[in-house]
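S.K.: Pasting the feature list from TrEMBL:
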type     : residues                                                                                   : note
BINDING  : THR25, GLY26, SER27, THR28, ASP81, GLY82, ALA83, ASP84, LYS94, GLY95, GLY96, GLY97, LYS121 : substrate binding site
ACT_SITE : GLU103                                                                                     : active site, proton acceptor
Amino acid sequence: MNLKELVGLESAKYVKDGMIVGLGTGSTAYYMVKELGRRVKEEGLNIIGVVTSLKTEEHALELGIPLKAIDDVDHVDLVIDGADEISSDFHGIKGGGAALLFEKIVATYSNEVIWIVDESKVVDQLGKFPLPVEVVPFGSENLFRHFQDKGYHPGWRRTENGEILTTDGGHYIIDLNLEVIEDPHALADELDQTVGVVEHGLFLDMIARVIVGTPDGPKTIEVP
Ligand code: 5RP
C-alpha cells in the first residue's frame, strides 16, 4: 500500500455515522473518498459529502456517496484534505490540484480540518512548493507583472495542452516561486489585500490534526 493510500484509509476512521463530511481534492484525498464510498456501500455508513472540486464530485457520485452543496448545509462536521506542504508549526500550502478556493471555503465552514500527507510534504519552512494564487482573469496580466516586480517569480498555471488553466470557480492561477516564506501570516495578509486576488494557497491556523504517512505506518499528530 502506498503512503497516500495509507493515510487516506486512516483518516476515513474519523468519519462517523450522521456526519456532514468535506471531501478534499487530490491524489491523497482520492483514497479517503474511495474508502468512504466503500463504507457507504458495504457498511451502510450514513453521511452527506460536501465536495471541494468538480473532480471529487465526479468520484464521489461514481461511488454513490450522497452529496450536498456547501450552501445547502449550515455546517460541515469534518473536512479531510491533502496538502502540498506542511510546516513544523502546522501551517500549509494547498492548491497544487487547483482547488484551493473551494477547499478553503469548505474548510472555513468546517468544525474540524484533518490533513493527510505523505512524509515528503512535511517541511521546516514553507515555500519550496510554488504558492498558488487564484486570480480574476480581468487585469491578471497586470497582476502577474506586479508579482514579477515584487520578485515573487510568478508563473501561470497551465493545462497539459499549455493553455492557461481555468479553475472550477472560473479564475486563473498564478504560482509564486518563492523558495522560502519567512512570514506566512504577513504574506497572507498582503495577498488578501491585493486587488484581483480571489484566494491564495496559504492555509494558516486551520488544522486540528494531521496524519502523516511513513514507511512505519500512519502517524497522527494532534495540533496543540
Ligand atoms: C488541491 C490540493 C491538494 O490537496 C494538494 O495539491 C495535495 O494533492 P496530492 O494529494 O495529490 O499530493 O490542495 O488543490
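Each Cβ is built from the backbone N, Cα and C atoms, and glycine gets one as well.
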S.K.: In the three-state scheme derived from DSSP, which category covers GLY96 (substrate binding site)?
M.R.: coil
S.K.: Just counting, how many other CB atoms are there within 10 A of the CB of LYS121 (substrate binding site)?
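M.R.: Excluding its own Cβ, the number within 10 Å is 22.
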S.K.: In DSSP terms, helix, strand or coil for ASP81 (substrate binding site)?
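M.R.: In the DSSP reduction, ASP81 (substrate binding site) maps to strand.
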S.K.: Consider each pair of residues in THR25, GLY26, SER27, THR28, ASP81, GLY82, ALA83, ASP84, LYS94, GLY95, GLY96, GLY97, LYS121, all listed by the record as binding substrate, and report the largest Cα separation in Å as a whole number.
M.R.: 16
S.K.: Show which residues of the chain containing the residue listed as 'active site, proton acceptor', separated from it by at least 6 in sequence, have their CB under 8 Å from its CB.
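M.R.: Expected: GLY24, THR25, THR52, SER53, ASP81, LYS94, GLY95, PHE203.
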S.K.: Mind telling me which of the binding-site residues THR25, SER27 has the densest Cβ neighbourhood, counting other Cβ atoms within 10 Å?
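M.R.: The most densely surrounded of these binding-site residues is THR25.
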S.K.: Which residues, same chain and not among THR25, GLY26, SER27, THR28, ASP81, GLY82, ALA83, ASP84, LYS94, GLY95, GLY96, GLY97, LYS121, have a CB within 8 angstroms of the centroid of the CB atoms at the recorded substrate site?
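M.R.: Going along the sequence, the neighbours appear as GLY24, ALA29, ALA99.
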S.K.: Ranking the binding-site residues ASP81, ALA83, LYS94, GLY96 by other Cβ atoms within 10 Å, which is at the bottom?
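M.R.: With the binding-site residues ASP81, ALA83, LYS94, GLY96, fewest surrounding Cβ atoms within 10 Å: GLY96.
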